[in-house]
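Visitor: A single structure is presented below for examination.
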Amino acid sequence: MSENLIIFNAKVVTPLGFSARKGKEMAELRILEKATVEVVDGIITYVGPNRGEVRDGYYHHFWHYNARGKCLLPGFVDSHTHFVFGGERAEEFSWRLKGESYMSIMQRGGGIASTVQATRELSFIHLRSKAEGLLKKMTAMGITTVEGKSGYGLNRETELLQLKVMRSLNKDEGVRVDIVPTFLGAHALPDEYRERPDDYIDFLIRELLPVIQRDSLAEFCDVFCEEGVFSIEQSRRLLTAAGDYGLLPKLHADEIVPLGGAELAAELGAVSADHLLHASDAGIEAMARKGVVATLLPLTAFALKEPYARGRDMIDAGCAVALATDLNPGSCFSGSIPLTFALACIHMQLTVEEAITALTLNGAAALNRADSIGSIEVGKKGDFVVLDSDNYHILPYYVGMNCVNTTIKGGMLYPSV
């Protein structure tokens, strides 16, 4: 559903462009005081100075919104999440606090394996209800587009079920966020294929990719390219096959060790490589050359007490950097956009302006959507965030506190209270 809307007396704060902003470009924002934004049928048709027609009644067939000088930003794009899952893993959080590593928990049957079991046990209705509840919490923080991954089924039935849940939610007009589905069947090895990773990759290629293409269930294929999970060669083979079925490549890359995932992402022309805590200088440079978006997930590093990805170095090397929450039931049960802003600026040394670009236009680019969302420009969707202030610097300054007053999706207003 979309509406006709006129927003006036706004302080527009937005990156510009229809592709990712790289390097120094990330700090460049357009700022318009006392601005009007016009939305017709959910699409932006005017951005500029306040217009007298608002006072003269020209817009009588529009909803009117007086921003009263507050900042109007593009809707936030959360380009990496795992929001469709069963169960929780709160006890594992306590284990990590006592010093146990994420990988050691996985090796003794916890981690992803425990979520896989819980997800396989849920019906479509229960899985959908849980996912919808999480989305409502996320949209209150200004998220208007969210990526969601499968990867907690690791079998034919439940991987497809996760993707069908996302499709169902995407068609529901009551769900006020656009969902971009990603197939992450190569998230871990299921017990059925323990010690047989090559056979499992064959299974994904043979049994799942054709169905996903036939039923249009996903746009991207992702893989957990990591030591002890899927190798460079296994990841290359799956993503190459996925491309033959029309899925664009993404990678969980260099999260735990410097395996060379960033280099593989550049080799394959991936849309994005994500995590990148241990990406090499050569990998960063290769991603910058090939235009691979570096999607950084500071909440996960925070929750795991790991070193943060080198966001400042990546931007200085000419990369396009995006930020996302990585909401998931294990390593990061958080969809907090406010805390993402704060951690990125404090620990990754992004400026506020760069962080805004990373969570809007570059997040859109990480989902192959920079032509339609991510900035406030004519021709793009009417997706916005109204802050509680005329000062956008509050985004990281209000550490972990939601400063979104209103979310606007397709020209429809949703107060955050």
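A Cβ is built for glycine as well, from the same backbone N, Cα and C atoms used for every other residue.
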Visitor: Per Swiss-Prot, which one of ASP172, ASP178, ASP326, ASP371 shares the Zn(2+) site with HIS80, HIS82, HIS252?
Guide: ASP326
Visitor: Need one residue: from TYR65, TYR152, TYR193, the one Swiss-Prot lists with ASN328, GLY330 for N-formimidoyl-L-glutamate.
Guide: TYR152
Visitor: Which of GLU3, GLU255 shares the 4-imidazolone-5-propanoate site with ARG89, TYR152, HIS187, SER331 per Swiss-Prot?
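Guide: Within the candidate list, Swiss-Prot flags GLU255.
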Visitor: Near the Cβ of HIS187 (4-imidazolone-5-propanoate binding site), how many other Cβ atoms are there if near means within 10 Å?
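Guide: There are 25 such Cβ atoms around HIS187 (4-imidazolone-5-propanoate binding site).
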Visitor: Inside 8 A of the center formed by the CB atoms of HIS80, HIS82, HIS252, ASP326, which other residues of the chain have their CB, for the recorded Fe(3+) site?
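Guide: Along the chain, the qualifying residues are THR81, LYS149, ASP274, HIS275, LEU297, THR300, ALA324, LEU327, ASN328.
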Visitor: With a 10 Å radius around each C-beta, find which of these binding-site residues (HIS80, HIS82, ARG89, HIS252) has the fewest other C-beta atoms nearby.
Guide: ARG89
Visitor: Excluding TYR152, ASN328, GLY330, please set out which residues of the same chain place their CB within 8 Å of the center of the CB atoms of the N-formimidoyl-L-glutamate site, keeping sequence order.
Guide: HIS82, PHE85, ARG89, ILE112, THR115, GLY151, PRO329, SER331
Visitor: So among HIS80, HIS82, HIS252, all listed as binding-site residues, which is physically nearest to SER331 (4-imidazolone-5-propanoate binding site)? Use the C-alpha atoms.
Guide: HIS82
Visitor: Return only the integer: C-alpha distance in Å from HIS80 (Zn(2+) binding site) to HIS187 (4-imidazolone-5-propanoate binding site).
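Guide: HIS187 (4-imidazolone-5-propanoate binding site) has its Cα 14 Å from the Cα of HIS80 (Zn(2+) binding site).
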